[in-house]
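Trainee: Take a look at this one; I'll ask things after.
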Amino acid sequence: FLVALSFSYLSKILSGTIMKSSITQIERRFGLPSSTVGFVDSSFEMGNLLVLAFVSYFGAKLHRPRVIAIGCFTMALGSFLTAMPHFFMGYYKYETTSHTASSANLTSSINPCSLHQNVNKSLLDISQSGKKLYKLSSAGCEKEPSSYMWIYILLGNLLRGIGETPITPLGIAYLDDFAKEEDVPVYVGILHTIAMLGPMFGFLLGSLCAKLYVDIGFVDLGSITITPQDSRWVGAWWLGFLVGGVTSFLAGIPFCFLPKSLKKPRETNKGKTSHGLLENTGTARKTLPPAKSKPRKCQLIYHFLSDFYASLKKVLCNRMYFTFLCCALLQSSGFIGFLTYKAKYMEQQYGQSTSKSNLLIGLTSLPPVCIGIFLGGLIMKKYKMDILVATKFAFTLSFFAYAISLLHFFVGCENYMVAGKTVSYEGKPILNPENAVFSECNSDCKCASDVWDPVCGDNGITYASACLAGCTASVFHNCSCLEVSSSWTGNNSATLGQCPKSDDCSTKFIYYTVIQVISGFLFALGGTPAYMVMFRCVQPELKSLAVGLYTLIIRMLAGIPAPVYFGALIDRTCLQWGSTSCGQRGACRLYDSNAYRYVYLGVPAVLRGPSYLIAIIFYMLMKKHFQKNNSKPIENGE
């Protein structure tokens, strides 16, 4: 059962990681702002919310392995549904001035400046309005089916969340019921360590998919003018979901052949088995009212609901459990938003490609977490930690990890040097980019302000388009705006794409990675003891419900809103929005790196900080409660 459960954990986390690693790709492919794509990501939690409480309670009364199997098959279906839009949409069309040129039947010899000046007056009017920049002849383009295809991703993610529901509460409770008491922390450590291979494989797979162009196999890659480093690049995001769907389907097969119950170790028979988890336990029989005849269905449902309400009240009225829940909620809110946009942060802050960001997360951030989780379980077993020692151990390590993570504020990079956005055309910082898009050097070109087809000048400054750089040759030579740069005396030419970040930024990225590794390891080291603390602060017969309720509340109050409000705050730092084929606002192309850093790092810091004050209260309640009882808290629960 442990082997099968570990593989199911791996598959569910693999699929979840593929979603996280594809966030930026989906955002660009469907032209969505970060807040909307955060809402799509949180639909997984909504699926959990729909059925989690009832699956945790009523599922425990059924054949648990088979319920888990059904969940795995549902996850597979959700992954396939998520990938489906790719096969029904048209080819990806990124915004570029070459598209505008071809739509006006212009030759490639036309220079970027004259393209917007006097070649086609109607083209100029349309491009300046920003309403129909690339689709001049498609009436009613807002009604294109592809405009709403992202809804299928939301529904697939929702379905995957429903399928994932029974795995954790039923699987962990099954292990806890039939394993020796001292072995449970080790089993949980093994389970979570193997499960952490899921994010590793997920981010590595996401890295590979991000390198492949979204329409690979269907278009001539030689005609693609953008690279994976470009903010318009979209990788083969759909491929990862197909792999995740197959993995989830395979994970469900072993559970079809596992028994409803296992032989219990003798020493754990007393006070160990969870209420309602075994059909043949005396405890479960006592809760059923005696009846001379077979009870009717409505009476059975009434009994289940009343029993569920009584159990729910017991769990929520447990002050230790409630305090632990509040602490975990603040921690989770910070972590979920942080992890959702981590790859994107590495792209915007340190100039990494989506592919490289996913690769580095898989190779540097996750292995220390795996080792920390496993060592935490071993340490708990070796030193036979009671619940008070485990509490101190977990929260102390978490606080040290939090303190070290604050160093991230000091290893950020400066903004990209983009003329008219972050610096003036002379190369000096500007405070109000809205009034600085145009300059005298490009005033004769009559450029569109909302086009994002960047070129990198030889002076190290990025220009939003060759037209705004004042280039008068199709190969981006004789760019007049390079001449006004106060410190530049070289060639006045440019190359396609953004200028890279400075070498100093590469050094800071190394520091960022080291801080991430250390803080991640310390937090994970206390992860297993913290997880076991939650088990031991409720009555044994309520373990399954406690885990399910914990997961439900974390999903509802942290998993659903965190990606949305993180994304909304990140959207506020955008300096240049892209345009969809209909001329509507699409995904962000350029962010204010400094503002992005303060939002991305500041929100988790503000959320996690107060949780440690609650942790102190939790420890005081635990100490006060268990000092009254000389008996073992693990055996006697509350």
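Cβ from N, Cα, C; glycine included.
Okay, so TrEMBL annotates it like this:
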DOMAIN    1-627  domain 'Major facilitator superfamily (MFS) profile'
DOMAIN    435-483  domain 'Kazal-like'
TRANSMEM  42-60  transmembrane segment
TRANSMEM  67-88  transmembrane segment
TRANSMEM  184-205  transmembrane segment
TRANSMEM  235-258  transmembrane segment
TRANSMEM  321-339  transmembrane segment
TRANSMEM  359-380  transmembrane segment
TRANSMEM  387-411  transmembrane segment
TRANSMEM  509-533  transmembrane segment
TRANSMEM  545-566  transmembrane segment
TRANSMEM  599-622  transmembrane segment
Trainee: I'd like to know the mean pLDDT over the domain 'Kazal-like' (435-483).
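Mentor: Mean per-residue confidence for the domain 'Kazal-like' (435-483): 78 out of 100.
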Trainee: May I ask which of the stretches 67-88, 387-411, 509-533 has the most CB pairs under 8 A with the transmembrane segment (599-622)?
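Mentor: Going through each listed stretch, the top one turns out to be 387-411.
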Trainee: Sort out for me which stretch, of 42-60, 321-339, 509-533, has the most Cβ pairs below 8 angstroms to the transmembrane segment (545-566).
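Mentor: The stretch with the most contacts is 42-60.
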Trainee: In the same chain, who gets a Cβ under 8 Å from the transmembrane segment (321-339) while lying at least 6 residues past its ends?
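Mentor: For the transmembrane segment (321-339), the nonlocal Cβ contacts are 20, 315, 398, 533-534, 537-538, 546, 550, 553-554, 557-559, 561-563, 565-566, 600, 603-605, 607-608, 610-611, 614-615, 617-618, 621.
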Trainee: Under DSSP, the domain 'Kazal-like' (435-483) has how many residues in helix, strand and coil?
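Mentor: Across the domain 'Kazal-like' (435-483), DSSP assigns the residues as follows: 7 helix, 5 strand, 37 coil.
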Trainee: State the residues, same chain only, that lie 6 or more residues beyond the ends of the transmembrane segment (42-60) and have a CB under 8 A from a CB inside it; answer 'none' if no residue qualifies.
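Mentor: Distant contacts of the transmembrane segment (42-60): 16, 19, 67, 78, 154-155, 157-166, 169-170, 173, 274, 276-277, 304, 308, 311, 544-545, 547-549, 551-552, 555-556, 559-564.
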